[in-house]
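For reference, the structure discussed in these notes is given below.
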Amino acid sequence: MEKEASSRLEWRINVPDGTSKALEPETGVAGEIWVGLKGFMGGIVLRVWRALEKAWNIGVADPRTVIHGVKVALALTVVSLFYYVRPLSDNFGGNNAIWAVMTVVVVFEYTVGATLSKCINRVIGSFLAGALAVGVHWVAEQSGDQFKPIILGISVFLLASGATFSRFIPSVKARFDYGAMIFILTFSLVSVSGYRVVELLELADQRLSTVAIGTSMCILVTMLFCPVWAGCELHRLVHQNIEKLADSLDECLSEYLKENTSGQEDLNKKKLGYKCVLNSKGAEESMANFARWEPRHGRFKFRHPWKQYLKIGASLRDCAYCIEALNGCISSETKAKTMADKKMQAPPFLRKHFSDKCMKVRSYLISVLKELAMSIMKMQKPSKIDCKVAEMNFAVGELQDSLKSLPPHLIASTGEESNDTKTMVKEGGGHPGRIMMVLPLVTVVSLLAEIAVRIGGVVDAVEELARLAEFKPAKGGKPQAKPNYVRTYFRKSRSDHV
């Protein structure tokens, strides 16, 4: 009790104005340094803990990232034996053995295709550059000491400029950009070195052998231990993007067709799935490029049509742009707060009047997208896609026809108009305020029709992939009668409506 009482004691001082202040005990310089050091160390520990927690979450979300780290470490450990073990080091040269380690660090990538691409580019670039450099070096030596620097300088200028320019060619940049860079580096290093031709040949032999060992080890490890195929990743990405579009479209129209139009502040992740589709172009292109380097694996043959996935991705992005516009139109209505904004909304009774047809269109749009996603996932030809596309187009046509034949009394039934205004509406003159109220509904219907058109483009791209990749027929699927005629007919009718 005495200790507790003493801990609560404090010194106070009376001031002339009749008040008193508590005096804080002086800690001294040592105390201030200790408090600052303790706060600094606590901040470092907190940052380290947060970094470890973030790394743990990344590893749990995708365990393949942890496996990739283990694979790189395994390849480096095996290759390092050529430097640490005496017999191996003597055979390959102690200083040159480090090139195998550098090769592993540089060329080992996450996917098999990316690793193969870098390995092949590095070997070919090093071999061509080394052979040309030795040849140029021999010619320069035969020309004498006076012309040797001139010949070497001109050769470096011409070959370096040509190889650098080739990196701007799209086909070369897509597949051989790394090889061109290695060519420039190797040729420049070898051609300007002071070795003789015999010494250069011996050095090139050791360097090429160590590079071959490093690339071979990378290829073996990446293909034998939990391989991550770029082709499989691309296939999965396209399948997921189609499902995300279907979910986004479903959420957008579900929000629009609700009777309660109060906007929701927290947007659902499914509703914004189209943004992932819009941002996936770079990933699709890189995966398609790396997938072309990969051998046959799983369900994918050696010459699988990877370029067709890029066409499907482009069609999906065209569709995603329309869904983004639809989402913006719906959000502007559901989140209207001022009276001026609310006057620009479609009346609830009008939306209720079209709700059944909109629900029907939504179900058909989503059904077509789900059928396409299932076809890609199972690598089977879509058995009912033509009928579903025809039903989708027919539902869109019905929705547009119902909008064109909208009864005038529905437009004029909600305002406090005068008799003259109602007479104008009945006579076909319309009312500017009421027309502006119908305009958002017209926009939504037009966007739905455009989405149907662009989904038709996705259907064509997926069917072309099924033909090129020779997808198997669906189990129990039966050939449909006159699919081309049905699709052409409804596309024509849809274009007439638009």
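Just so it is clear, glycine is given a Cβ too, placed from its N, Cα and C backbone atoms.
TrEMBL does not curate its annotations; it predicts them automatically.
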Annotated range (TrEMBL: transmembrane segment) out of 146-166, 314-334, 377-397: 146-166
Range from 66-85, 97-116, 123-140 with most C-beta pairs under 8 A to the transmembrane segment (210-230): 97-116
Chain residues outside the transmembrane segment (66-85) and at least six past its termini with a C-beta under 8 angstroms from it: 59, 92, 94, 97-98, 100-101, 103-105, 108, 110, 210, 213-214, 217-218, 221-222, 225-226, 228
Beyond the flanks of the transmembrane segment (123-140) by at least 6 residues, Cβ under 8 Å: 147-149, 151-152, 155, 159, 178-187, 190-191, 197, 200-201, 204, 207-208, 211-212, 215
